[in-house]
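Among the features that Swiss-Prot reports, domain 'Lipoyl-binding' is placed at 21-103. Sequence annotations record features per position, and here Swiss-Prot assigns N6-lipoyllysine to 62 based on sequence analysis.
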């Protein structure tokens, strides 16, 4: 796992791209709990997302799960490959399976997220 990632309690990850944007996806743990992903409902570019609010839905053979934004900002890019290949979330949750890129409204929100070590400790307790 990439040690520079930040995580939420609801199993989303965030990668700071260093240019005022972040990439968001779901963790390996989350995709394992969901099982085989069959559909991802992506937001639109220019949609506003709010920290803690649902912005996407991932459907798997087991369940449909809301995806919550870890940060507030504007969607600047969506992973269009997920429309035809939603299984990328299972195969490459931290690389090809990213969901959106968001331009941050408040970069300090990143400070509220867990680092990789804190996140791994929290899922071991589940």
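The backbone N, Cα and C atoms fix where each Cβ goes, and this holds for glycine too.
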Structural state of residue 62 (N6-lipoyllysine), classified by DSSP into three states: coil
Rounded mean pLDDT for the residues that make up the domain 'Lipoyl-binding' (21-103): 98
